[in-house]
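The domain 'Porphobilinogen deaminase N-terminal' annotation in TrEMBL covers 5-212. Taken from TrEMBL, the feature domain 'Porphobilinogen deaminase C-terminal' applies to 225-296. Taken from TrEMBL, the feature S-(dipyrrolylmethanemethyl)cysteine applies to C241.
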Amino acid sequence: MKNRIVIATRESLLALWQARYVAGKIKEAHPEIDVELLPVTTKGDQILDRPLVEIGGKGLFIKELEVMLLEGQADLAVHSLKDMTAELADGLTLAAVTAREDPRDAFVSGKYASLDELPQHAVVGTSSLRRQAQLLHYRPDLTVKSLRGNVQTRLRHLDEGEYDAVILAAAGLKRLGLDRRIKSYIDTNDSIPAAGQGVMAIEARTDDADTLEAVSFLHNANIAYCIRAERAFLAKVGGDCKVPAGIFVVPDGRKKIVAKAFIASPDGKELYRGEDGASDAEAEALGERLAEKLLNAGGREILKNLQKI
Ligand SMILES: NCc1[nH]cc(CCC(=O)O)c1CC(=O)O
């Protein structure tokens, strides 16, 4: 058994909260292990003046952490699963995925109680094509304006009056103790979450059996099945936040899971939705089948057009 585990983490308050949470759990379960945090600045955190899509997508938040693992400077990396690309770097594996925090998108505003209360042409902040497409599908009159940075920065931009409302993940706000900022929750049928939303992923070296064993108690097997389906879908539709797509999978009784997903044009005018279920053992096939169905329905054409931009 190891006597020391180093956890690489981004430096945002949410990332630090998540890394500290995992560190605390490991110390509780294994008092003999020394757990240390290694905060790392990632490219995705540094470049805030351009949309994520332009600077290379969400892999930018995890690459530096993966290098730390591969070079042996750290033993674990804690991520928001949502920020991870469909493929992990060679030699690395998901040691555990945690129980899911609230998966919903949250409506945050100083002036309005819900999406329905927003006046015509109100300005809503989000840089997620997934949120944008679903927002505009529901309310084509709204103006969606880019919003980047960590959770605190986004809230500050809202408070400074640049937006009438912003959409953020409920999970991040709750972890940071900012629930009071949430005016209402958007139902997962109206804003289908991103693959992995609300789940923390703990990544480690595939050959580091001691570390894998030390964190195995944090693994939630039921969520793992759901995540397998969500990530299989993500891999099929392009694996990055460049696509206006989402999927949400939940356990459904004994050894079954159900999924709902969508692919849309960024303006929300075209939106294809589907639902399907399977046994948990067939999670990947479920995600792939749903992706294929939505791609055939019109999603493939949308993704092709997006690549031209
Ligand atoms: N895009 C950044 C990001 N990555 C994970 C979360 C929240 C936590 C989670 O979904 O697990 C957030 C903030 C947000 O989308 O509002």
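Here the Cβ of each residue, glycine as well, is placed from N, Cα and C on the backbone.
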The domain 'Porphobilinogen deaminase C-terminal' (225-296) - residue tally per DSSP class, helix then strand then coil: 30 helix, 25 strand, 17 coil
Averaged pLDDT score, the domain 'Porphobilinogen deaminase C-terminal' (225-296): 94
